[in-house]
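> Quick one: this structure, given as structure tokens, is what I'll be asking you about.
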Amino acid sequence: MSDCLFCKILAGEIPADVVYENEHVLAFKDIHPKTPFHVLIIPKKHIATLNDLAPEDTALAGEIFQAAKAIADEQGFADDGYRVQMNCGEGGGQIIFHMHLHLMAGKKFSP
Ligand code: 5GP
Ligand code: ZN
């Protein structure tokens with residue numbers, strides 16, 4: 001998707017502070033962090049929103065959560081806990097239409 005900001009990050013056209021990468025996913029720091037540690041985990045395949053997740057993307061969705069777990073562990077947040085969040089569509093607060101999981105940590109969240 002040539003007009004997608006996160007596809008441009010994947011293509012190296014826009015810089016990002018990458019914290020994790022494998023064959024299927026990339027994770028980088030949010031440019032406007034809402035918590036002391038805030039990264040976005042994206043599939044390398046362009047999927048606009050969770051609504052566009054196809055049955056054949058099921059393993060890829062799992063990769064996103066495996067990456068969240070690995071990053072939380074690597075960064076030392078696994079024991080204290082952390083929050084993951086996905087916004088879907090404008091009403092869900094989604095601004096960038098390339099599906100992504102927010103991983104936020106470094107503070108105590110209220111329930
Ligand atoms: P959404 O509201 O779509 O779930 O979240 C999009 C996130 O992308 C926001 O938290 C925003 O700060 C972040 N963001 C927007 N533009 C950029 C950018 O150019 N680089 C990075 N690293 N994050 C961005
Ligand atoms: Zn994209």
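Just so it is clear, glycine is given a Cβ too, placed from its N, Cα and C backbone atoms.
Computed from a predicted structure; not experimentally measured.
Not my notes, these are from TrEMBL:
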- His100: active site, tele-AMP-histidine intermediate (ACT_SITE)
- 5-111: domain 'HIT' (DOMAIN)
- 98-102: motif 'Histidine triad motif' (MOTIF)
> Let me know the model's mean pLDDT on the motif 'Histidine triad motif' (98-102).
98
> Taking the Cβ of His100 (active site, tele-AMP-histidine intermediate) as reference, which residues of that chain separated by at least 6 in sequence fall under 8 Å from it?
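Set apart from His100 (active site, tele-AMP-histidine intermediate) by at least 6 residues yet with Cβ under 8 Å, we have Phe6, Leu40, Ile41, Ile42, Met86.
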> Per DSSP, how many helix, strand and coil residues does the domain 'HIT' (5-111) have?
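Per-class counts: 32 helix, 24 strand, 51 coil.
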